[in-house]
Structures are given as structure tokens and as C-alpha cells.
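K.L.:
So that we are looking at the same thing, I have put the structure below in C-alpha cells.
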């Protein structure tokens, strides 16, 4: 049966008679194999509809429909373990494992998680969100079950983009050392979020160019045949051994494929046959991201994720302020035009980090190193050693993966590397796996490193210039999404290192005084809360935009301390070990004995919701800030 090709996202729930009867994979396994193509088509229609209702990851899910059906049909889940690397592609898995009716809540507050989550379902065997962890986790499960003498099949589904990370190969190397019973399904769609880059992508292309398929018979025996996608040519006279040679075999895995990842019945044959073999096995399949939805097949990058469909409004659309990532991208181009020493590095996040324009304008100065955060940081260090000025664009949550390199390879040598740290703070619907909640804590203990946090998009631009001009490692940490709508100054101006600015004084003549030290994205809401407090309680309040987490402006704290009855620190970061902790440390060192209230993210992983909901939930919106300060202030007043 040919695959259906859809051109529009349905706004009405599709008719899915087979899918409606599947609330557990056991019900799927009771169907005839000949019915699986219809199940896959119904599942694709339902994913299209559900994504239109809720938004979320899109193209990757459409690309693994047939694979997901085949896996749950062949393997005894949840006894057998399926581990989805990253988890962008797990929506069909969630539908087939009893969460069909909840799928429209995905990524919403109190809804399904954006990625597989152990607390959500017994079928979600490992919590994911970051790349390239599945093989390590799967190997751990396989070895544990061997030790417990309770074996099961463990299948890790990994994309070609995730396979570029060193962690994946570390795990494969170890799997061979232990001769582990482990299956790795390489889902090759020539895409991560951006296009796959580097030698590994070329290696996969070379496997294709051989024109050979390593197939498997019903007894689990491998044999080589001409690939059905290729016409006969002289290359097919290579020996079977030479034809099958590739990196995976060199490591020690049995290699099979490449197979059509959209041929569900052949995938069932392959998986059933592979269950008759033991040891490390890699199954190479090729899929198309966005399969079955014509616009996504044509433009998989744009359709990596979508927003939910909303009713058309006749009201004019208000233009949003630029995103911080776009402000970064424009600064990068402007700075590069003035200094040919600037080189830019990204670990596979060109689009998300706002670097598309730079990559087109300066291709020889742009380096997409694939999903390799450790390498990205040390690559920058090497460039800096040769007198160049590299800029690393990286999400806060992913810089965690390059922490040793940040310390050992950059800061210890005091190298001139600039870090543009995107997605700092809470990130809304992607939930705790992608939150940038810990960067102050893991960076501010590092000697030589300057850390800045802008209050708005214009200050972000000027801080990036300041960091770039600084002779040493410097980081600018900015949030996801749009700025505040302030005017962006085109001229690049350096800020004084370690110097804060006073942005608001309410009733400065009053003796009773609160000083708010705000960092980054919380400056504007701190000002809003301060004005409300000053009006309600007739007290003096000063709000300071601290700008620098390190070095801290100790002078302004010291100057304000004499007339301050309460210090308040506010940050969109974990309150433990964050910027507020840096203020506490200084106050203790200077023996300034003043009550201090630290506001930030609580010591818990914040559940997914919209960014606005998350801020409200942890008391970091203007109303929550006002209430927290008011409670402590009234206690101080009553004690006097």
C-alpha cells in the first residue's frame, strides 16, 4: 500500500478505527502483520491532528511512525526496553502505550512531558531530552539484566545527528568490550535539528554509495545483496566482506542495513530475525523527517516543531520584539565586519542560536561541530591560542556538557573566548531537561571568567561587545524568546567590567529602605514590583541592575548598605549557589549584617508549563516578587 501524503494539518479528529482499539502494545501485537500499514497511516493522521491542537515537535515524529509500530509489534514492551535518544520523536510511542487521549496536552502545564519520562509511564524506560545518552543507558540496562539473570531485549533508537557525539561511540566501544546483548537502531534522516555535518555524515553517505544492503534471513543470518534503491553497476562485484565494511563493524557491532524505515512489514521481519542473534547489533534505517506531510518533507528544519493552530483573527498582528538569539546573530555579523579575527562555533544549533545569517555571510568563519559540546569549547581554546577571537554560541543546558573544558582548557589558560549562552533561565514547554537554571552556579566559581546578564535586548548587544573586547574568557547569559521591545543601539559600546547601574529609586528621601539587586531578565519585573510596594507602603526602594554576576559590583552594595533595612536579590536561576548566593558571600565577607531575601528558582526541577506560568509558579513574576518582599518587610517592621 503506498504511503498517504497530506498537505494540510487536519482541524477535525481523523477516523482511526484500528488505532482507537490500541491502548497497550499487546493489542497492537494481536493484529495481523498486513494491518500494520493501516495502523501506521492512522497514527500519522492522528499525530498531525494532535500536533495541530497542542503544538510541539513535529517532523521527527512523522519520520518514525512505521519504526515505532514495528518496534512495539516485535518486542515485548515494557519487559523489553526501548530507549529513545533525545526523545523528540517519542509521540507515536506515547500514543501506542496508552496516552493517545492525553497527547493534546503534551508540553502543557500538568500535561504529558515533551520527552519520555520514567515517572509518566512504565514504557518510558529512561528519561531523555539531551542527545546521545541512549546507548550508554541501554548498555547499563543490558548489563544489569545479565547480572540479575533476567535477560531482555534492549533497543536504543538513535538519530544520525546524535551519533556524532563522542558519548555514543564511548558506549558502543564499551558494549563490544562486554559483548552485550544490545540493539542500536540508527535512524538516518540526514538531519539533527540542523543538517548533519562532519565526517560521520560523509561516512553514512559512503555506505549508501556502495550500493549494498546487509540483509538478514529468517534464521538471523546476514547476507549481502544489491540495494533495491540502486541499479546494478560494477561496484556490486565487491566481495561481501568489503561491501559491508564500515565504522560500526570496525568497532565490533554486527551491522545490518540500510533498510527503508517506512516499510513497516520489512522492519518487522528484520527485528524478528535479529532477536535470534546475540551481541551488539546495529540496524541502519533511512527515514524522511516529516514523512507523509508534504510541507515538512520539503522543509524539515522549519517543521522541526510547530505551534498549535489557533482560530484566524481579523485583528492586526502586532510585531514582536526581536528574539535574543536574533540579537546575538546580528551582533555576531556586525562584530565580524569590524574584526576579521572573529570565528563562530556552534554545536549543531545554527538556527536556534540565530547564526544562519552569519553562516551565509561568513562561511569560512563559521564552524558547526555537530553535537559535540566538549569539542566545541576546546576547539575555541585552540583557536584562541593562535591569536583569533572565537565566539561559542551554546544553550545553557548544553554548556553543562562542556564544563571540564570550560575550566581546564579555557579559564585555566585565561584564553580569549566569548560565550553567548542562550536559553538561560526557564524555557517553558520543553520543561526541566532544557532549563538553563544552573549556569551561574557552575560558572561563578571558575577563576578568570567574567559573567554578564542583560536586562533587555539592547544591553545584551552591548554586553556581547564588552565580552568580545575583554581579554580573557567572558560569558553573556540571555533568555529564550523575545526581548522587551526597547530600542537597540546600533553603535557598539563597552560597559565597565563589574559595574552595576541604579535603574529605579522610589522615595529616596525615606529612612526606611529596601534595596533590590536584580540580575538579567528579572530587572524589569523587579522595577514593577518595587513601584507597587513603594506606593502601597510608602517606603523607599532602590532597584539595581547588577549586570555582572562576576565580578560583582561590591562598591554599589557597600554604598547602599548603610541606609538599607532589607536586601533582596532576584534572579531567574536556581536560588541555591546562584547570584544571590554571591551577594550573601560578599555581605558576610564585608561583615554587613543586614536581612537578605534571595528570590530565584526553588531547589526542584520545575515542571513544564508556559514561561509565564512557570515564573508565576515559583513566585518570580511581579506579583510574586511583591508578595515575597512584603511578607519579609512586614516582619522586619513588626520586630522594630
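First residue shown is number 1, and so on along the chain.
Quick reminder: no glycine exception, Cβ is built from N, Cα and C everywhere.
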K.L.:
Which of 189, 215, 246, 414 shares the thiamine diphosphate site with 88, 129, 130, 131, 161, 162, 293, 373 per Swiss-Prot?
P.N.:
189
K.L.:
Quick check on the binding-site residues 88, 130: which one has the highest count of other Cβ atoms within 10 Å of its Cβ?
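P.N.:
Per the Cβ count within 10 Å, the most buried is 88.
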K.L.:
Roughly how many Å lie between the Cα atoms of residue 189 (thiamine diphosphate binding site) and residue 160 (Mg(2+) binding site), rounded to a whole value?
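P.N.:
Per the Cα atoms, residue 189 (thiamine diphosphate binding site) and residue 160 (Mg(2+) binding site) stand 7 Å apart.
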K.L.:
Which state, by DSSP, holds residue 161 (thiamine diphosphate binding site): helix, strand or coil?
P.N.:
coil
K.L.:
Helix, strand or coil by DSSP: which one applies to residue 373 (thiamine diphosphate binding site)?
P.N.:
helix
K.L.:
In Å, how large is the greatest distance between any two Cα atoms among 88, 129, 130, 131, 161, 162, 189, 293, 373, the listed binders of thiamine diphosphate?
P.N.:
32
